[in-house]
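Below is one structure, written out as structure tokens; the observations come after it.
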């Protein structure tokens, strides 16, 4: 069976001018996945990573101990790479410039949600790590600037996630399809288990927090009712499945077919998920697997960011389902 390391080397060989920089970054992320996997598997045995840290992130959300552990693990792994010029995280207010000679001469910046769904960790529900990689736009040889991180998602060079569930999987794209690798803890390696993943064009699963129904826009309410109606021709009603972890919900829907929705609401008028740390990387993966990602009106990957922690409504998954939901939004608002 092909390992992630072998796969990365093979793909690099397809580009004669490649210098292995992106491969090196992916290797560091592979190491991060192993470290976080190890500590998540001990979550019930120690209090060091379970519970709240007593601090809040820039969005005013309570940070879990494991949020900070995952954030620091990712940050330290990337600082050691000569290919990375800077780093931005959902857990940190400002971006971090790796202002060393190596960092100033590096070509790439990384954005990450270090631990998606971390509030689920103490009840043993799957969580994940999301990452996004861009080529910097500021001059090589200088420290990175905010502009390096404020690029639309269509300029990503790679994106992916790690899901820590019944098994740990690393799923990523470099713009040439989506591949998934399952961690074998007995060997300490990720093995290619899901090659060239394709999202079914349609599905029977919709994933949304229906407890917030009264706060949703009319278009979302109408779409939920559409999903619940009985219609044999379109195989409705659909099944509602919502874990509360973007990575876990999207991973299931990508393999089985479905739509994930985190819309705007009266308490989150701009949506709750972050464009740069969650929306863009998941949208890149969805499109590379044949799916679609929208804010209800436009393509996620075409949105020009205006803030580092900008929020966005997210409709993500099977192409036909996202198109239908978008039709409801455009009709009913």
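Residue numbering: from 1, along the chain as shown.
In case you wondered, yes, glycine gets a Cβ from its N, Cα and C as well.
Taken from Swiss-Prot, the feature Mg(2+) 1 binding site covers 90, 113, 115, and the record attributes it to sequence analysis. DSSP gives residue 113 (Mg(2+) 1 binding site) a strand state.
Shown in sequence order, 90, 113, 116, 130, 246, 314 are the residues of the chain, 6+ apart in sequence, with a C-beta less than 8 angstroms from the C-beta of residue 278 (Mg(2+) 2 binding site). Positions annotated as Mg(2+) 2 binding site by Swiss-Prot: 113, 116, 278.
Residue 242 (substrate binding site) counts 16 other C-beta atoms within 10 Å of its own C-beta, drawing on all protein chains shown. Sequence annotations record features per position, and here Swiss-Prot assigns substrate binding site to 116, 117, 118, 119, 209, 242, 272 based on sequence analysis.
Counting neighbouring Cβ atoms within 10 Å of each of the binding-site residues (90, 115, 116, 117, 209), the lowest count belongs to 209. Of all the binding-site residues given, namely 113, 118, 272, the one with the smallest number of surrounding CB atoms inside 10 A is 272. On the backbone, the CA of residue 242 (substrate binding site) and the CA of residue 115 (Mg(2+) 1 binding site) stand 18 Å apart. The Cβ of residue 119 (substrate binding site) has 17 other Cβ atoms within 10 Å, all protein chains considered.
Taking the mean position of the Cβ atoms of 113, 116, 278 as the Mg(2+) 2 site, the remaining residues of that chain whose Cβ falls within 8 Å of it are 90, 112, 128, 129, 130, 161, 246, 247, 273, 274, 277, 282.
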